[in-house]
Amino acid sequence: MQGLLFSTLLLAGLAQFCCRVQGTGPLDTTPEGRPGEVSDAPQRKQFCHWPCKCPQQKPRCPPGVSLVRDGCGCCKICAKQPGEICNEADLCDPHKGLYCDYSVDRPRYETGVCAYLVAVGCEFNQVHYHNGQVFQPNPLFSCLCVSGAIGCTPLFIPKLAGSHCSGAKGGKKSDQSNCSLEPLLQQLSTSYKTMPAYRNLPLIWKKKCLVQATKWTPCSRTCGMGISNRVTNENSNCEMRKEKRLCYIQPCDSNILKTIKIPKGKTCQPTFQLSKAEKFVFSGCSSTQSYKPTFCGICLDKRCCIPNKSKMITIQFDCPNEGSFKWKMLWITSCVCQRNCREPGDIFSELKIL
């Protein structure tokens, strides 16, 4: 009887072993004895590997691209820019408000695309507008703010011939509200051609590419660190892209401006410098070197001083969290004082009504 029982248990054990080897055996059980569940979650690729293995030389990032530590906490990398592929190791540029959007890679959420964290608003004539907000800066235009950019369309289509404002016909009076704007609208039809977007671009042949570039826009701030931009195709792919640079016209400290000495018999001091060199600060990071830049000065009358001659330099910034990045910057060599003062970012500054 005992031999029969032993044989039965042995055969049952062998059968269970064979079934498991063939993959047809019973499901694994949990520690509590319940049948385990097979997970349907896809396996994600592991981008981080420890211990860390980093190249001996740090990567050289293009100007404007941050040098940061990767998401694994190991090596220095060039941060990914808007539209580039990112993952848990290849981080997006933190100094530009970017994050890795994994929404397209469902359900793995393994790789994403760098995108801006929040759609920023717009600033025009010292007034802040929210993203998507429609506003009317003057009677001629209606504008829309979209992620820091402003687009405007004319509210009127001028009629250059057959004007109903030339005189009343049949004893009827014309609408004086529209007639008062008609001289402005007539000039609007041609004056737009003087704006920067319609000017001929400077042309340069370089490496089989016809290089084109618009003029740099005025600095976004009259004091402190600002940004100016232009559109150019001076790149490896010869594609039209927006290029940005830092600009620093004047310090914002009013006490510094009070110390500027205007020569006797003069009403303006076009340029001035601080007594000692200082480091630039941008996005919470400071320049690796100290600089003594030339600033545009002040006038006793209503004139303002703007850069006249300048060159471009590259500034290296280091951050508290061991990251770093480079930016191109406007380096002023001389300034000129004029009565035609414009607010920074005024997109209508060159639209002249004659």
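Yeah, the Cβs are placed from backbone N, Cα and C, and that goes for glycine too.
As annotated in Swiss-Prot, Cys296 shares a disulfide bond with Cys335, one of the listed residues Cys268, Cys319, Cys335, Cys337. Of the listed residues Cys52, Cys54, Cys61, Cys92, Cys54 is the one Swiss-Prot pairs with Cys75, by disulfide bond. Disulfide connectivity taken from Swiss-Prot links Cys304 to one of Cys252, Cys268, Cys337, Cys341, namely Cys341.
Among Cys92, Cys122, the cysteine that Swiss-Prot records as disulfide-bonded to Cys114 is Cys92. Bond annotation: of Cys48, Cys52, Cys61, only Cys52 is listed by Swiss-Prot as forming a disulfide with Cys74. In the three-state DSSP reading, Cys48 (disulfide bond) counts as coil. Separating the Cα atoms of Cys304 (disulfide bond) and Cys319 (disulfide bond) is a whole-number distance of 35 Å. Cβ neighbours of Cys52 (disulfide bond) (same chain, under 8 Å, six or more residues apart in sequence): Cys72, Gly73, Cys74, Cys75.
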